[in-house]
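Just below is one structure, and these are the notes that go with it.
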Amino acid sequence: MSIVAEAPGYLQVFSDGSVKRFASEAVPDSAESYSDGFKFKDVVIDSSKPITARLFVPDTHGSVSQLPVVVYFHGGGFCICSTTWLGFHHFLGDFSVASQSIVLSVDYRLAPENRLPIAYDDCFHSLEWLSNKVSSEPWLKQADLSRVFLSGDSAGGNITHQVAIRAVRSKTYQVEIKGLMLIHPYFGSEKRTKKEMSEGAPGDVAMNDMFWGLSIPEGSNRDYFGCNFEMQDVSAAEWSAFPAVAVYVAGLDFLNERGVMYAQFLAKKGVKEVTLVEAEGQNHVFHVFYPKSEATLVLQQQMSCFRLCSTTWLGIHHFLGGLSVASQSIVLSADYHLAPQNRLPIGYDDCFSSLECLCNNASSDPWLIKQADLSPIVSFWR
């Protein structure tokens, strides 16, 4: 019996089809107490497959009643890794605190034993679990399913894209996806990029080709729709309905070029909001290898800013509602584009546009036409 494919230190595939994965340092399931500002536990998505997940909940000290939900898919070329691994655990636990969000990180079935699209099926199934369990799982009592975000790194970024397409096409689950956050997404094609053809690239190319060969359906090539995003049949209406997307790339990452191409592709297809953010001087999935680094902290802050703060937040909502009563005034609270994806002066432009909207609708909107007095306008921005 010989080794036919190998990622040294992570994976060996043998000629008889058997697979050996090398254990990495993992964090076992926890007692349900808070540590480092969050608590976590493992849950079963589907025992028959099996599909499991790790649930992270921040300690809000009782100050917030509803929290956004981030559904996360780990990377590993579809063949290795687990959400229990130390790097993923620290990154996601800290992110739940930084973003004040509930994180559900899915352990899907791995290739080559379970080739694509099985990982896509498993991860989409996690949305059904979330929808079904929100009323019965105590740890989800604060989950706001009208503010759900999909995220993942490397192969998990690829999965994020595929789950989003399925979600756009399906109205089955009571989950409203507000945005996608793809970290160093893993895509490919039969056509090589400039970076893949550059001097010194053969080792990276060979490793990528090996993982694709192990994960896509047998008989397929790298133009399989799950590998090459340009090969998937998605209608203009579906692209128009796509959530806002943030693509995070690393400056030294061999896959940087693919991430940039993906962001450009979405913009050309008419996705309404696409943001590209680069971490200069960083390598692929640095946040997993160095979950406590300054660069990882910056990434967590960038992701926390992406569509997570809104005028719909409970505290802002109660404050402005109370203000309208106390001052006997009409309050129009604007949700402007957020930095760092949309740096100043974009926030200023958006908020100035709200004044134009107010003036244009004062004579036609039923809520404004009778009582809105535009002569004394007081500006207040969150």
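Glycine too: its Cβ is placed from the backbone N, Cα and C atoms.
Keep in mind that what you see is a predicted model, and the values were worked out from it rather than measured.
Lifted from TrEMBL, the feature list:
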DOMAIN    70-287  domain 'Alpha/beta hydrolase fold-3'
ACT_SITE  Ser154  active site
DOMAIN    305-376  domain 'Alpha/beta hydrolase fold-3'
Number of Cβ atoms other than its own within 10 Å, given for the residue listed as 'active site': 25
Segment confidence, the domain 'Alpha/beta hydrolase fold-3' (70-287), expressed as mean pLDDT: 96
Coarse DSSP state, helix versus strand versus coil, of Ser154 (active site): coil
